[in-house]
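Database features (TrEMBL):
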REPEAT    1-67  repeat 'Solcar'
REPEAT    77-178  repeat 'Solcar'
REPEAT    185-277  repeat 'Solcar'
Amino acid sequence: MFSFNFNLCYLQTRTAGFHSIGVYQSLNKILKHEGFQGLYKGNGASVIRIVPYAALHFMTYERYKSWILNNYPVLGTGPFIDLLAGSAAGGTSVLCTYPLDLARTKLAYQVADTRGSIKDGVKGVQYQTANNGIKGVLTSVYKEGGVRGLYRGAGPTLTGILPYAGLKFYMYEKLKTHVPEEHQKSILMRLSCGALAGLFGQTLTYPLDVVKRQMQVASLQNAAHEEDRFKNTFDGLRKIARNQGWRQLFHGVSINYIRIVPSAAISFTTYDMMKSWLGVPPQQKSRSVSAA
């Protein structure tokens with residue numbers, strides 16, 4: 001799936017030579033200039049990031065949910081609790097792993113003609129100086145902007161992840177309540193609910209992901225005018241809609257569906273199955289038992 005993530009980065013950031021062509025043409029162009037390895041540029045940072053991100057996401061979700069249930073019983077025990085706990089868990093996991101997300105984007109954004117075929121390349125392709133892996137990217141960013149630089153684009157990320165993570169958990173738990181009890185443990189049911197939850201959450205928050213990517217690569221694009229840079233999330237949304245057209249806010253969303261829908265489905269299914277295998281009781285039931 002990473003080749004889709006790599007291609008998505010080019011579409012979201014309007015990399016010259018990539019923003020006006022489709023998925024298939026983009027993949028062919030990457031293969032032509034960088035070979036098969038080009039499709040997996042930045043994959044190391046992505047793999048290193050996803051392990052602690054996923055672990056923190058689901059672990060803190062359970063912790064936040066338990067805390068809310070124990071301290072705010074007036075809120076009840078429905079899917080609304082999943083919305084609050086999921087949002088808080090998403091923010092926590094993003095803050096703890098964001099520098100790796102930044103490194104992944106910068107590594108993926110680099111375009112290098114490793115095959116020496118610049119003459120046959122498409123006009124307008126930007127050739128960036130390659131950073132020496134994850135450590136090289138993070139060191140370079142830190143020297144340039146300090147700790148603040150390592151969190152460039154974190155604003156729209158948090159603005160996007162809070163509703164996305166919350167809606168994802170909310171929709172997943174809400175959908176499961178409409179499934180007949182005899183099918184509650186069905187793997188297909190869990191995959192379907194997870195896929196729909198990921199699809200719904202990603203559609204609503206995708207424009208914020210576009211803003212984040214463009215902020216992350218701003219230093220590589222060398223914006224000529226200060227007004228081209230984004231001051232904050234909403235400024236980014238406004239400027240992209242004004243200067244690039246509102247369609248740019250959803251450019252590449254189809255690729256993201258191919259990536260995020262199966263990812264969400266598998267994540268939620270694995271999460272539920274692991275809880276079942278480990279004998280972790282539902283928060284609502286554990287709370288009622290302790291109260292009794």
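Here the Cβ of each residue, glycine as well, is placed from N, Cα and C on the backbone.
All TrEMBL annotations are machine predictions without curation.
DSSP labels the residues of the repeat 'Solcar' (185-277) in these numbers: 78 helix, 0 strand, 15 coil. Mean pLDDT across the repeat 'Solcar' (1-67) comes to 68 in this model.
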